[in-house]
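Written below as structure tokens is the structure these notes are about.
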Amino acid sequence: MGNYSAVTEFFLVGLSQYPELQLFLFVLCLIMYLIILLGNSLLIIISILDSRLHTPMYFFLGNLSFLDICYTSSSIPQMLIMFMSARKSISFLGCALQMVISLGLGSTECVLLAVMAYDRYAAICNPLRYPIIMNKVLYVHMAVWSWVIGCLNSLVQTVLTMVLPFCGNNVIDHLTCEILALLKLVCSDITMNVLIMTVASIVLLMIPLMLIFVSYIFILSSILRINSAEGRKKAFSTCSAHLTVVILFYGSALFMYMKPKSKYTKASDEIIGLSYGVVTPMLNPIIYSLRNKEVKEAVKKILSKRLYLRKI
């Protein structure tokens, strides 16, 4: 091995070529982060307080909301500091920690969205057997394994990346410690890393997406066989929120991880990364609140109860 100086910190210079936008990006990301915390926390609280929402669908939704809070909290606070700081640095350990958390939670969300699609398939295509199929033991195990698979993938990829020599090159052309941007700094062979990342992208992006696609083919077929228009509308409304989230999440994820990569990170990649890491988690609770009648009714019930208690 050749001589190289050990890297103790990294400099995150994503979008730093636009200094006039730093304050605007700081305010924008801060507002979106507060919406993420408020919206997802509210969904979790509602699903706990309202007994009508103690179902597999809302159990998975609570997991998704908790995941989005943790995912954004691993990167946005650091990002906000970078926007307003002249020295845009992060320690080696901090970078590794940020990578393992964000990659693990992103991988978990891929699997969790596929699990949620299966839940909708069971509810609509087998409504009479749904309570038996999606019993508590099964859906809790499905959620747990989603987290385990995502965390194991993240741990393996992060360790294999951070043990590589960086040859003193410590400038990351990205907003966060993202694995693709970090691998560009490595001065040794990364064939194994690329191979593992490709396999992981197929297993955690393409296969869950195919399962979601197949599930919705069966769901659409079952909805079209429902005789009443009201029944079709109700069945579709329970799936439309999940389908919208899937399109937003997988659209940005596939763009980031499956498209051909250029030598240098472009501004478009960074903006898509910002959408993937901030915009999608912000929209999730909004989409589920607007498209789901049960959530609206639960919110009204809690608000009316609070107003009643205040009058007393």
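Just so it is clear, glycine is given a Cβ too, placed from its N, Cα and C backbone atoms.
Sequence annotations record features per position, and here TrEMBL assigns domain 'G-protein coupled receptors family 1 profile' to 39-288. The annotation transmembrane segment is assigned in TrEMBL to 23-46, 58-84, 90-116, 137-156, 194-219, 240-259, 271-290.
Contact between the transmembrane segment (90-116) and the transmembrane segment (23-46) does not hold: fewer than three of their C-beta pairs are under 8 Å, each pair 6 or more apart in sequence. Within the same chain, residues 107, 110-111, 113-114, 117-118, 120-121, 124-125, 149-150, 153, 156-157, 160, 179, 183, 235, 239, 243, 246, 250, 253-254, 257-258 sit at least 6 positions outside the transmembrane segment (194-219) and bring their C-beta atoms closer than 8 Å to a C-beta of that stretch. Regional average pLDDT for the domain 'G-protein coupled receptors family 1 profile' (39-288) in the model is 85. Same-chain residues lying 6 or more positions outside the transmembrane segment (58-84) and placing a CB less than 8 Å from one of its CB atoms are 12, 22-23, 25-26, 29-30, 33, 36-37, 40-41, 43-44, 47-48, 90, 94, 97-98, 101-102, 105-106, 108-109, 112-113, 115-116, 119, 139-140, 143, 146-147, 175-176, 245, 277-278, 281, 284-285, 288. The list of residues near the transmembrane segment (137-156) in space but at least 6 beyond its ends in sequence, with Cβ under 8 angstroms from a Cβ of it, reads 56, 59-60, 63, 99-101, 103-112, 115, 118-119, 196, 200, 204.
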